[in-house]
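Pulled from TrEMBL, these are the features on record:
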COMPBIAS  321-336  compositional bias 'Polar residues'
DOMAIN    94-156  domain 'Potassium channel'
DOMAIN    193-268  domain 'Potassium channel'
CARBOHYD  ASN95  N-linked glycosylation site
REGION    306-336  region 'Disordered'
TRANSMEM  21-44  transmembrane segment
TRANSMEM  135-157  transmembrane segment
TRANSMEM  178-203  transmembrane segment
TRANSMEM  215-232  transmembrane segment
TRANSMEM  244-264  transmembrane segment
Amino acid sequence: MLQSLAGSSCVRLVEQHRSAWCFALLVLGYLLYLVFGAVVFSSVELPYEDLLRQELGKLKQRFLEEHGCLTEQQLEQFLMRVLEASNYGVSVLSNASGNWNWDFTSSLFFASTVLSTTGYGHTVPLSDGGKAFCIIYSVIGIPFTLLFLTAVVQRIIVHVTRRPVLYFHIRWGFSKQVVAIIHAMILGFIAVSCFFLIPAAIFSVLEDDWNFLESFYFCFISLSTIGLGDYVPGEGYNQKFRELYKIGITCFLLLGLIAMLVVLETFCELHELKKFRKLFYVKKDKEEDQVHIMEHDQLSFSSISDQAASMKDDQKANEPFVNSQSPTSNDSSLNN
């Protein structure tokens, strides 16, 4: 008896705070996912980093042995200056790109990566004025970009998602949920083909040092707005039609970002995902402002009715030819 009561009380407690429990599990799962990623990246990449450090140390020692007139401090100062320039997109290598990093097309590409929050980091402002303008430009431009993308996606999704699903549901009588799932899968496959597989094949041909995996990796890192910057197109030595190539990449990034948002919005509108998201949300209650307004309205209505009743009583008391009736007579008249 006591065990059944305790069990029912525990179940009732869990049901009452179901959203809080689900949210706690979500936070715990996210933290575990972060730790899992750190463990995998560390175990996979740390051996390669160690080998690279050993190789660079051997090269440095061999260079110093072959050039006895050069001290280790002088070499390190030179390398520090070269690496600092490389961080700003300037290379001293003879086979590096001889093009300027801040011509119009490169600046247009840089502006698109800033506003889309991709930010490859291969080219950054050198001057203090450029850094200050980048801050102001981003503060205004990023919300402007979000507004632009939201408006574009809202209009596209009406014609690409909602109307086709509604058409098959009404015209052919299929279940709306089934049609929505099939449509989302087809739309996702088309987006992956048009903005990942085909561009990856094109980049693997246009970029000399990229294979298909590296090209696909660049497409994913770019369109997911991660923007690590380890692969940037159009920076090779003697790149043909570089200006046109940069403009094409800028258009690819904007169109691909819109396509990804359309696909994500399509999947978010699925009934199953909506139910799953609601597990972690706080239930909507009446806001305090609405409650106060309702209470204020009720008080005002009751005061007005009280004032009206008192005014009627005063009028009856002041009228000389009105005879007061007993409650019993009123009841009898109502019954009749």
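Cβ coordinates are placed from backbone N, Cα and C, and glycine is handled just like the others.
On the 0 to 100 pLDDT scale, the model's mean across the domain 'Potassium channel' (94-156) is 86.
Sequence-distant contacts of the transmembrane segment (135-157) (same chain, at least 6 residues past either end, Cβ-Cβ under 8 Å): 111, 114-117, 257-258, 261-262, 265-266.
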